[in-house]
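As written in Swiss-Prot, here are the features:
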type     : residues : note
TRANSMEM : 1-10     : transmembrane segment
TOPO_DOM : 11-32    : topological domain 'Cytoplasmic'
TRANSMEM : 33-54    : transmembrane segment
TOPO_DOM : 55-96    : topological domain 'Extracellular'
REGION   : 64-88    : region 'Disordered'
CARBOHYD : ASN95    : N-linked glycosylation site
TRANSMEM : 97-119   : transmembrane segment
TOPO_DOM : 120-169  : topological domain 'Cytoplasmic'
TRANSMEM : 170-174  : transmembrane segment
Amino acid sequence: SILNLCIISVDRYWAISRPFCYERKMTQRVALVMVGLAWTLSILISFIPVQLHWHRDKVGSRDGLDPPSNLANGTPWEEAGESDRSAENCDSSLNRTYAISSSLISFYIPVAIMIVTYTRIYRIAQVQIRRISSLERAAEHAQSCRSREACAPDSGLRASIKKETKVLKTLSVI
């Protein structure tokens with residue numbers, strides 16, 4: 001589910017942003033709590049409300065909670081042939097509060113968290129690539145100066161851009 005993907009993104013962010021603290025704090029118990037939280041939220045937002053018919057809009061519904069006695073034109077349900085609830089009829093009237101809270105909790109908030117965490121991971125990766133590239137260029141420059149060649153300006157900018165592009169492609173696939 002998206003909630004599990006959200007937990008994975010948060011876990012990856014913690015592992016990348018604080019690698020030394022991650023080893024101590026991310027125990028098996030914490031991982032189980034995070035996965036349990038995702039499943040609990042999924043059950044609370046979908047299974048229980050559907051089983052208890054909380055997800056249906058009470059106005060004009062035929063779910064047994066608040067059944068209207070007549071149709072809009074005054075015809076009773078039985079006369080209109082609606083009493084048997086055949087599989088051909090699809091009642092899509094949702095309770096507005098349920099629809100909004102369900103979509104927020106099970107989709108929009110997790111997706112927003114995933115976008116934020118993967119954006120931060122990308123920025124951390126960019127900073128690391130720049131640091132590594134500058135160290136590599138400094139080492140190459142020092143080597144070229146030691147061998148008494150002309151100390152040429154760095155040509156590692158292209159390599160740095162290639163590495164950043166590779167990181168962007170990798171994160172976009174994830």
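Even glycines carry a Cβ here, placed using N, Cα and C.
The Cβ of the residue listed as 'N-linked glycosylation site' has 18 other Cβ atoms within 10 Å, all protein chains considered. Proximity of distant same-chain residues to the topological domain 'Cytoplasmic' (11-32), defined by a Cβ-Cβ separation under 8 Å and at least 6 residues beyond the stretch ends, is recorded for 117-118, 120-121, 124-125. Residue counts of the topological domain 'Cytoplasmic' (11-32) by helix, strand and coil are 19 helix, 0 strand, 3 coil (DSSP-based).
Confidence annotation: the topological domain 'Cytoplasmic' (120-169) carries a mean pLDDT of 74 in the model.
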